């Protein structure tokens, strides 16, 4: 994994970067500037400085950023002097752009800002269309504008040539101020927030970015033409909003959320490659469980995180490109000042109490909300040269044993108890603060996360002592020295400021009373914070962060980072000094921690023994790309994305919803179908599409089902099998049909069965027939009959009798809900005929040229439908031709030697001989002798148990046509569960 960097801003406005391959915060170059917030990508970082100006930091690379400027010199031919600078009044300027609409003299082309420099002077481009031109680089045309050629012709009245000059961006690895327009009225007011994203919307131009900003007046601005060749962009354009904005966040693709002053959120819709600024706004209400509004949002590819005014963290469920507003809010554990979503939807945040940077662990594509917060304990690069300070030993003393412990009368609970409680809560649990006088916590508290737990639960705060804070901190101009109070004692910040403590030799600080403090050996003098510190932090004090941006930080789901390797949140100097702890003290400390954890586990489990066992609710989703026959005119097939979401309720019942996402007029919409409302799923005969239809009661009455098409027949069968199984699970229909089932046959021969409900024939509330659920079973028949005893018989198109004996599954349903045995192959034979029609005319006799009112020259028996040899196809790939086309001489009425039948006109009574009044004729073509046959292997006739074997024809029923060719079953393929009946031999 190539290294990338995480950007952050501390409370003093300094910008730091943390590499995924490193473990130290590095101060950004050009550190004279102070920033309020930044927004980073892999190639650059945008920021708002404390002067409210916008800056961009472009990372250096081996390939320079070059931009070509061009201008065109135009001339017109004059009969006196030839080509010259004298033009007609309607002509373009002598120096213009490529369109000729803008005046562009060479001396008028200036650099857009001071961050660019010219590489060379102007020169003539002597290439035209990849081929060299004549000397001078002129191209000729008849007039302006026209098609230019490099060769001069007799009618070439105008000519032009292109001048080129390159400029290079020079402000790399440095903050470059974004230039503003000279007109003060065109300048946007100072900015309050900005966000960079949109690099995955389109590939053209290379490295295009969407830069959004919010001004102090609540207006939203968009930076035009920001790309890799033009990192500064061109200008700011105002985007109207229905309210005053506070904060904005832009994702890598098409997600854009804005926070309003009222606590609501705005979602930008209609963002695409042709319209990166979007088209409309939608309002999202804040979480209903919180009385506070939204103050901060951050979006990614398909996630949205938010912070409310009470600093609670919320996750938006159901967000994607087709539904950017999402569905509902889920409260997460922890209190944060802000959160930021980076690459791969990874999440960073800044803790509300300790101002430390946290990383959300466990974020994957299957679990976008992650599992727990973990503090980043990496130190600054400048701290590596500092030696360990005495203040860092305070944390070591709190962790290891009885070096510093107060008496129970004067200080309860003690520092050791507080540290033990902190370690007992785990590295990811919060340590509550009750009497912390400093606005930031100590190193050991920064190592613990603001909270852990599942996404649907809130953190349970464990009451306990506050963790003490150590290390220098900028304070007021005047300070006094004194000892640091133990936890639980109230004191004024003016009287007891934070001090550095040396554990070796305790002494009372002069000028303060030691009342309430235990007199123990090993404490030294309590020093004051020196005034006028050059460094904002002490050598062992962690920075306090104000902003973090992970837009340029690529962290894989299972990557191993070095950010969390510093144990217990201690600095490297603390680790060095902690090696002097005796092994006996370490063993005693571990034993004490283990005992406390054991007692706590027993105590907490005792309170939850009366709770019922939780029922796991699972959600399963299948997505894919299909085509949908749109509902509006003109009706056509459109590409859509479909998602089948199946979820299990508390009662164990399964239900499913089919979502269809489509785009109309560059606006993303979707429709959904509840599968417990689907009445039937049927494959649709289509010569060019592998399509199927979903019927609901409402769409049945409208005669307009939901028609979907797959790319291949295998994809269609997979979706049919999955949707059929989901419909059956939603209606709790499983196994073989009951003896009371209702059987039906479609015109194609597919077999469907419906389980009658008690309401079907109820006298009071009769169930309408359009609400009956029909599920398809395998097999192919022409007629089916059933009785109340469960006996089901059928007759195929080849006049073969079949009996249903209870197997189920096979075909496209095989493997999902099939019986484990008794799956056999069923074949059928069907005859199809087409007719060749001709009309007599005095010149050529009988020919295929008919009158305008005649039928098709190749048609079916009625003549209403055109049926040609090449156009007559099997209804699906489950059918195959078994012979070629041939003339059928066995049609009623007889034929002549060539198979023709004659009549006076279409339609009429046909006979097999020609008379003087016969002006039309026809003959029948069949695909197999003596009839046209196709062999089809049907999927199966479902049933849970048993099946019969295939036998010969049943007496009293017509056998298949003699001479009809049918391939053996093992060549035809799929499984069935019907059986062909033999006559009894008794």
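Cβ coordinates come from backbone N, Cα and C, glycine included.
Automatic prediction, not curation, is the source of TrEMBL annotations.
Owing to the predicted nature of the structure, the values given are computational and were not obtained by experimental measurement.
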Where TrEMBL places region 'Disordered' among the ranges 931-958, 959-986: 959-986
Same-chain residues at least 6 beyond the ends of the domain 'Peroxin/Ferlin' (137-170) whose Cβ lies under 8 Å from its Cβ atoms: 58, 64-77, 83, 91-92, 99-100, 106, 109, 111, 115-126, 128-129, 131, 231
Secondary structure content of the domain 'Peroxin/Ferlin' (137-170), with strand meaning DSSP E or B: 0 helix, 16 strand, 18 coil
Per-residue pLDDT averaged over the domain 'Peroxin/Ferlin' (899-932), given as an integer: 82
